[in-house]
């Protein structure tokens, strides 16, 4: 059984542990929390139709004792510049200073594809020397052409990244994530 462990506002209350972290990050409203709930088969992460609701670093533990980190989304439209700046600073500090090794998963909405800000965040991760995988979400809401386009975009990044296509709502592709990350 998965469980919520804690929320952290900054490095002073990060979860202290010695495990690899599986980090979910993407644009606001891309489905990070919904994906966690679908993988857990229970509602342990708060979801909202309003973008930018996750403003803390949230830690979860899988039944196999893996640590999942739900980061606040980027591209928050309904948030003040001050709040955006604070969250960006927390995330930057986390990526630069957290001692735990990380499997970073960039989540991309299948209908929207890679936006300019997604590409900026990928460049940012590369500039830090961090590796990442791509999880294409909401595939049940995209048509065949949109799914093909976003997958082709994802394939341009590198041969070493894993690409997953999932639907939290229809439970599609979840077993691939469970198997790959040993959740």
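Heads up, the Cβ atoms here are built off N, Cα and C, so glycines get one too.
What you are looking at is a predicted structure, and each value in this text was computed from that prediction instead of being measured.
Annotated features in Swiss-Prot:
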BINDING   26-33, 52-56, 70-73, 137-140, 166-168  GTP binding site
BINDING   33, 54  Mg(2+) binding site
DOMAIN    18-183  domain 'EngB-type G'
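Spacing of residue 138 (GTP binding site) relative to residue 33 (Mg(2+) binding site) is 12 Å (Cα to Cα, whole number). Cβ neighbour density within 10 Å is lowest for 138 among the binding-site residues 32, 138.
There are 23 other Cβ atoms within 10 Å of the Cβ belonging to residue 72 (GTP binding site).
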